[in-house]
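Peer 1: Take a look at the following structure, please.
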Amino acid sequence: MRADWVAKRQGQSNVSQMHYARQGVITEEMDYVAKRENLPVDLIRDEVARGRMIIPANINHTNLEPMCIGIASKCKVNANIGASPNSSEINEELAKLQQAVKYGADTVMDLSTGGGNLDEIRTAIIKASPVPIGTVPIYQALESVHGNMENLTANDFLHIIEKHAQQGVDYMTIHAGILIEHLPLVKNRITGIVSRGGGILARWMLHHHKQNPLYTHFDDIIEIFKRYDVSFSLGDSLRPGCTHDASDEAQLAELKTLGQLTRRAWEHDVQVMVEGPGHVPMDQIEFNVKKQMEECSEAPFYVLGPLVTDIAPGYDHITSAIGAAMAGWYGTAMLCYVTPKEHLGLPDAEDVRNGLIAYKIAAHAADIARHRPGARDRDDELSHARYNFDWEKQFELSLDPERAREYHDETLPADIYKTAEFCSMCGPKFCPMQTKVDADALTELEKYLASTAAKEELAKA
């Protein structure tokens, strides 16, 4: 779809959506996004120019259906997939991608760290994906030196980053905010550093006693991103890995650096969103969102969860969806899903489904709470269908129609029950929604109540 659009931009030194927006240009991607969001296209352009919204759209990802991430638009959900050294291959990752797109992922991140040829896996995912693809290039950089972290150089990082950009990656997690002076700040934590990328860079800095090469070469990364319109997803290497560590000095020190890097990228018209925690108690979520907006000049916030408790392995799609709904309500632009396998193992396609549905619920709940235009229309339509016992319509409007139908049909599978005015919970005699009160009856009741009230007033007099 985008091949003709991007062909007109060939040869330009900066092809970012922010660059065009700041020139007053409305790109085809902006127009497409405005229609998807049901928002004025001028608003889309202005929000992108301001940096409060990004449209992740690498010029080499031509089969992309453009979308946006920002506080003015609907709350978005990302799904993580990716092969590990111990599990998965290309076909399994493509199945996860298909599952993620089917159940409404707005973006997908390929977090492959092994399982075969990483370039082959990534290019297959990009070719098959209509949604933006994000990556964490430091994983492949480490693989390129056979896991010997101390052998990594700045050129290794830049080479892999440019390769991902050439292949069509729309946004990349760049862990440029963790600095050597931040490392002593984690000494009082329970879980230390839980970011894989952050952990790699921390070990590199401790080994070499040198500053983070992604920080010192940040301007070189900006130049790559300008040429392909790759968006920064500034990684939070020092995010808390448990509720005890939330909002601590290490996390907030890195956040301040991320704000500085955000504004540095904006000076070159490169799009930025900022990643956030993690594990955060419910009473600290509002603070975290507002602090990010303050430090990062309202760049879109992209949070992992956050998990609001640490005691539910196997159910962390629930512990985190609670925090995600709250974060979305307070203004987070995109939620990174957590699956039931979090902290336990590599998710499969069914885990992707369960995690994604939990997060679609959280994002939708946030949209309703923020009174985004049309957010509740689907809820109202489903409620009407429920009251009218229109089972097929209820299934159709559900976030997961297959699961809704499956649960209904476990006990009442026959077609006749698709028109029945009850389900197996209440049966035919106890369903309260069978109590249909017509308008005439309510009018008569109102007259009676008014008359009774008047008589009582007279009696008091």
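Glycine too: its Cβ is placed from the backbone N, Cα and C atoms.
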Peer 1: Can you pick which of Met53, Met109, Met326 Swiss-Prot lists for the same substrate site as Asn80, Tyr139, His175, Ser195, Arg196, Gly197, Asp236, Ser237, Leu238, Arg239, Glu275, Tyr302?
Peer 2: Met109
Peer 1: To which of the binding-site residues Tyr139, Tyr302 does the lowest count of other Cβ atoms within 10 Å belong?
Peer 2: Tyr139
Peer 1: In which DSSP state, out of helix, strand and coil, do we find Gly197 (substrate binding site)?
Peer 2: helix
Peer 1: Just checking: which of His343, Cys426, Cys431 have a Cα that is within 10 Å of the Cα of Ser237 (substrate binding site), counting only these binding-site residues?
Peer 2: none
Peer 1: List, in sequence order, the same-chain residues at least six positions removed whose CB sits under 8 Å from that of His279 (Zn(2+) binding site)?
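Peer 2: In sequence order, the residues whose Cβ lies under 8 Å from that of His279 (Zn(2+) binding site) (at least 6 apart) are Pro240, Gly241, Cys242, Thr243, Asp245, Ala246, Gly305, Pro306, Leu307, Val308, Asp310.
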Peer 1: Under 8 Å between C-beta atoms and at least six apart in sequence, can you list the same-chain neighbours of Gly197 (substrate binding site), or say none if there are none?
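Peer 2: Set apart from Gly197 (substrate binding site) by at least 6 residues yet with Cβ under 8 Å, we have Val136, Ile138, Tyr139, Thr173, His175, Gly235, Ser237.
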Peer 1: Do any residues at least six apart in sequence from Arg239 (substrate binding site), in the same chain, have a Cβ closer than 8 Å to its Cβ, and if so which, in order?
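Peer 2: Within the chain, Arg239 (substrate binding site) has Cβ neighbours under 8 Å at Val194, Ser195, Gly198, Gln251, Glu275, Gly276, Pro277, Gly278, Leu304.
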Peer 1: Which whole-number value in Å describes the distance between the Cα atoms of Cys431 ([4Fe-4S] cluster binding site) and His343 (Zn(2+) binding site)?
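Peer 2: Each residue's Cα considered, Cys431 ([4Fe-4S] cluster binding site) and His343 (Zn(2+) binding site) end up 42 Å apart.
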